[in-house]
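Trainee: Questions regarding the structure given below will be posed in turn.
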Amino acid sequence: MAEHLASIFGTEKDRVNCPFYFKIGACRHGDRCSRLHNRPSISPTLLLSNMYQRPDMITPGVDPQGQPLDPRKIQQHFEDFYEDIFTELAKFGDIESLNVCDNLADHMIGNVYVQFREEDQAAKALHALHGRFYNARPIIADFSPVTDFREATCRQFEENSCNRGGYCNFMHVKLIGRDLRRRLFGRHHRGGSGTYHRVSRSRSRSRSRSGSPRHRRERHERDSRGRRSREREYRERDGGGRRRHGSPAREGSEERRARIEQWNREREEKQ
């Protein structure tokens, strides 16, 4: 039973814990949700709720006065915000990824997710942000359960095929330009979700879906199948009659019984 509960934790089959809160750290039902929102006491990821105020908050592409906005100015406004936030948060530790939601739903609009390399770095940042303001608005920060942004982002949005638009329940991550990305993150690589991670000199420490128990189990099964396949090919290549280092082929059941009987006779004679 415990193994079954662990395998469905945070999925749609889990009738106790909210899968959306587990995956994206936010739920459209909020405190009225019928399932539990397990808020972590420590995490490498912080959620700064509704922090980014896009200039076309009311109608996409249009300012509050009803005038059309130049897409280049919208992007510049976003990148100025991104660099400002990154520079401030980088004071507390190495930033693995910084993602800003482009969604329009109340529980996701303007959400900023910052993932540090270490949990204690996130804890220092959370303590420092308490009681602070940005653009005359209080910063609402908390630990987030999200550590794998590939599970949190909308794949259809990345392929320009999401039919839910800005009201999708998965992250629509707003991207920064290449020049700014290079300046902030330095040497980097692009993850499958469209988020960008710093690469450690020794090895990448960014979290990926390969780290989940389900994918580790699948990888182990693939490795086992691969080993069995290689062993079978080796036997077939050698005609099935020889093993490594020229050892004799495996004996049949009758030969093994005869050998055992011989061993028993020799042992009785010695006694």
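Cβ from N, Cα, C; glycine included.
TrEMBL entries are annotated by machine, without manual review.
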Trainee: According to TrEMBL, which of these ranges is zinc finger: 12-40, 41-69?
Mentor: 12-40
Trainee: Just give the helix, strand and coil counts over the domain 'RRM' (44-146), going by DSSP.
Mentor: 33 helix, 26 strand, 44 coil
Trainee: Would you list the DSSP helix, strand and coil counts for the residues of the zinc finger (148-175)?
Mentor: 11 helix, 3 strand, 14 coil
